[in-house]
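Q: Take a look at this one; I'll ask things after.
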């Protein structure tokens, strides 16, 4: 094949020959993949296509040429939309639904629909939900939720406490504890309904990065802005994912074809606002264990800031190299600077400000 269409052995195929190849063998290809190949030919301004790009595309690997085609966004898809196809199985309808919930471009949705194999499954969000929310609380502590009025609330090695901030694991493990069943329930619902579909599309590496970055930013934000308060709950990570997803929908409003998208956004915002309002009320409510106050709400805000910066960039660029995105490096640099600032703040500011911290539990 290569010798026939590339007799000079240059490694490239002209777009004319490429089109003749598609016309000859197009009936043997998946119709969605054929559209992607046609889009690749239409978007190529050099009049030639790298043979290796063609091989990568056929083996479900994104090529640089195809990424450029996606960025240009000027393809015309000639066949019916994925949403109009009938006779799909339950699993196919689920994958299609996820594609329309998270991706704004039809060609991206078709690419995802054709290439998704559920291998690996969305293991990160499911594991975090089971282990963090149920296994530890239910098995180790013999109860599924610790209320902030429970005697064991402060006496565990997981929550963040300002007197124990030198124990670095607490900046992450505080997500294992929750201040009540309503706190746990809302976080679980948002995490599964938003986090699992996002991981199915963007993969565990990207989604876990956004989640963990939100968790760390949440506890560090508390250590800087609400220095006397402890922290519990996974709201930092959950709010990072949800805010990134909602911001991505708003930025690509015309391209998002998910049903009832306005209603879905309203429900998500109402749930987030209710949980955040509850956290603010609880923070200023008289504590059951004075002088230690109730958990801080600043972790929510730290997660939102991560979501609308790093999270938006990650979700906007479906299967494209983040290393090539200038905005990614800008936001990543800002995040690293904040983390370094917070570390030095924790080392020096508490002693310099001579704060009266609550006693260790």
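Here the Cβ of each residue, glycine as well, is placed from N, Cα and C on the backbone.
All TrEMBL annotations are machine predictions without curation.
Small disclaimer: the values here were computed from a predicted structure and weren't measured.
I grabbed these lines from TrEMBL:
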type     : residues : note
DOMAIN   : 1-28     : domain 'EF-hand'
TRANSMEM : 123-146  : transmembrane segment
TRANSMEM : 207-225  : transmembrane segment
TRANSMEM : 231-250  : transmembrane segment
ACT_SITE : 235      : active site, nucleophile
TRANSMEM : 262-284  : transmembrane segment
TRANSMEM : 296-315  : transmembrane segment
ACT_SITE : 300      : active site
TRANSMEM : 327-353  : transmembrane segment
Q: Between residue 235 (active site, nucleophile) and the residue listed as 'active site', how many Å separate their Cα atoms?
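A: Between the alpha carbons of residue 235 (active site, nucleophile) and the residue listed as 'active site' there are 6 Å.
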Q: Looking only at the recorded stretches 231-250, 262-284, 296-315, 327-353, which one has the largest tally of CB-CB distances under 8 Å to the transmembrane segment (207-225)?
A: 296-315
Q: Cβ-Cβ under 8 Å from residue 300 (active site), same chain, 6 or more residues apart: which ones?
A: 218, 235, 236, 239, 275, 276, 279
Q: For the domain 'EF-hand' (1-28), what's the model's average pLDDT?
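A: On average, pLDDT over the domain 'EF-hand' (1-28) sits at 69.
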Q: Using a Cβ cut-off under 8 Å, which residues of the same chain at least 6 positions beyond either end of the transmembrane segment (327-353) come close to it?
A: 162, 165, 213, 216-217, 220-221, 223-224, 227, 306, 309-310, 313-314, 317
Q: Within 10 Å of the Cβ of residue 235 (active site, nucleophile), how many other Cβ atoms are there?
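A: There are 32 of them.
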